[in-house]
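Inspection log for the structure reproduced underneath, given as structure tokens.
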Amino acid sequence: MIDRFGRPLEDLRITLTHACNFECFFCHMEGEEGDNYLLSKEDILLVAKVARKFGINSVKLTGGEPTLRRDLVEIVRGLKQLGYEDVSMTTNGFLLKDLAHKLKLAGLDRINISLHAVSRDTFKKITGVDAFDRVIEGIKSAIDVGLVPVKLNFVVNRRNREEAFKFIELSQNLGVNEIHLIELHPVGLGKLAFKEHDDLREIEEYIEKISIKKLIRKKHFRPRYVLPSGLIVEVVKPYANPIFCAGCNRIRLSVDGKLKTCLYREDNVIDVLDILKGEYSEDVKEELLGRAFMIAIAIREPNFKYKI
């Protein structure tokens, strides 16, 4: 499906929970501000089933922290049974050492792991948890079981910017495939923490100097730098960036049952909770959800647009 701005809809992001065992001060919560209402596994898979009918072939599980869902493995297995070619997840890695193998067997294809520091002290200051070593073990487990590409997310801010350069070195030593250096943006808790925002220009200039090739990612048109080691460094600057929005191919299912068409907005959402919890047959629910998707696609628009 193509929206009225010519952007294809290819990716479904599902927030499994708002609960998290970390307390990162800038968490964007997938742009959601509603209650932590947990959709059932059946609800999630029904929405995902309808999304497949619209040509969506990629799904990412997010949170909060998705590994806190006890039915996570079953959800992953169900998504693969629906025919999704690409099932991925973003996690803080705390529980990954014990879950990586089970998730791989269930069909998880790849994984993003958040690691916003390279030292225990900075890690604890950012997350509120002394778990740096445990997350490193989770990363190693993901690599060992073949959840590739393993990507690490590093949100750059004033509290950790000096570690961004060392983060590149650590990532190469760990053997991960790719890292994302992400600009802090004012969504979720990031609204309150935006004073900690730090410009990525100096870091990107350094990466460009040491890289052997520069690429542009089709999704969001992000710059990607290939280092001599083979590590790919992607620079993510979404805020006030029309280029980022022009390449957006996502729709989100929020934790409280809304189809969310934009990370930055709460006014253009379609509430499907009543459909999911209503006393309808599954066929009727699918039909109603299909209509909801059509409306969501119709109202979808870039938050940041080029000024003409």
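Every residue number used here counts from 1 along the chain in the order it is shown.
Backbone N, Cα and C define each Cβ position, glycine as well.
GTP binds ARG13, THR90, LYS151, ARG250, ILE251, ARG252 as Swiss-Prot records it, and from the list LYS60, LYS218, LYS219, LYS285 the residue named for this site is LYS60. Site annotation for [4Fe-4S] cluster 2 in Swiss-Prot covers CYS245, CYS248, and the matching candidate from CYS27, CYS262 is CYS262. In this structure, the CA atom of LYS151 (GTP binding site) is 19 Å away from the CA atom of CYS248 ([4Fe-4S] cluster 2 binding site). Among the binding-site residues listed here, namely CYS20, CYS24, CYS27, LYS60, LYS60 has its C-alpha nearest to that of CYS248 ([4Fe-4S] cluster 2 binding site). In sequence order, LEU9, ASP11, LEU12, ARG13, ALA51, ILE56, LEU259, LYS260, THR261, PHE293, ALA296, ILE297, ARG300 are the residues near ILE251 (GTP binding site), counting only same-chain partners six or more apart with C-beta under 8 A.
Here LYS60 (GTP binding site) is compared against the binding-site residues CYS24, CYS27, SER114, CYS245, and the shortest C-alpha distance is to SER114. The subset of binding-site residues (CYS20, CYS24, CYS27, SER114, CYS245, CYS262) lying with their Cα within 10 Å of the Cα of THR90 (GTP binding site) consists of SER114, given in sequence order. By the criterion of other Cβ atoms within 10 Å of the residue's own Cβ, the least surrounded of the binding-site residues CYS20, CYS27, CYS245, CYS248 is CYS20.
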